[in-house]
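Listed in Swiss-Prot for this protein:
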type	residues	note
BINDING	Glu46, Ser83, 90-95, 108-113, His137	CoA binding site
BINDING	Asn50, Gly81	substrate binding site
MOD_RES	Met1	N-acetylmethionine
MOD_RES	Thr2	N-acetylthreonine
MOD_RES	Lys27	N6-acetyllysine
MOD_RES	Lys37	N6-acetyllysine
MOD_RES	Lys43	N6-acetyllysine
MOD_RES	Lys108	N6-acetyllysine
MOD_RES	Lys127	N6-acetyllysine
Amino acid sequence: MTSMTQSLREVIKAMTKARNFERVLGKITLVSAAPGKVICEMKVEEEHTNAIGTLHGGLTATLVDNISTMALLCTERGAPGVSVDMNITYMSPAKLGEDIVITAHVLKQGKTLAFTSVDLTNKATGKLIAQGRHTKHLGN
C-alpha cells in the first residue's frame, strides 16, 4: 500500500467518526490512489437514498465534491482548494443495494485553479450513473 493510499484511508476513517456532514461519506471504501486519480466504491444503503429508493442527488454531489478533492490531495501540490464551480449530470439511477464505483481524475492543475472530473458507475454493469466536473481555487 502506498503512503498516498494510506493517507487517504486515514482521511476516510476520520469521516466515519465525524459528527458533521462529512459522516455521510463514512461508508465509502478506497480502492486505489495514484497521482491525480482516486477510485472509491460504495454500496447504496437506505441512508443514501431519496424517497423513491435511489441514490440521493445531494449525496451524488457530495461524492463528486469530496472524491475529486481526494484526487487533488494526491498531486505533488497536495492542496485541497475551495470550490468555485461544480456541475453534475445525472444519467441513470443507482438503486438500493447496488455497488457504485466513484472515479475522480485531475484534468488540469494550474497556478490558482484545478479542474477535475468524476464518474459514478454501476459496479456490476459499468453503466454511467452520473458525471461531475469540479473546479477548485487553490490559492496563490
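Cβ atoms here come from the backbone N, Cα and C positions, even for glycine.
From a predicted model like this one, the values you see are computed outputs, not experimental measurements.
Candidate modified residues: Lys27, Lys37, Lys43, Lys127. Nearest to Lys108 (CoA binding site) by Cα distance: Lys37. Closest in space to Asn50 (substrate binding site), of the recorded positions given as Lys27, Lys43, Ala94, is Ala94, taking the CA atom of each residue. The Cβ neighbour count for Gly110 (CoA binding site), using a 10 Å radius over every protein chain in view, is 8. Taking the C-alpha positions, the distance from Lys43 (N6-acetyllysine) to Tyr90 (CoA binding site) comes to 18 Å. Classification of Glu46 (CoA binding site) by DSSP places it within a helix. Around Tyr90 (CoA binding site), the C-beta neighbours below 8 angstroms that are at least 6 residues distant in the chain are Gly57, Thr60, Ile129, Ala130. Comparing the Cα of Gly81 (substrate binding site) with the Cα of every entry in Lys27, Lys37, Glu46, Ala94, these being the recorded positions, the smallest distance points to Lys37.
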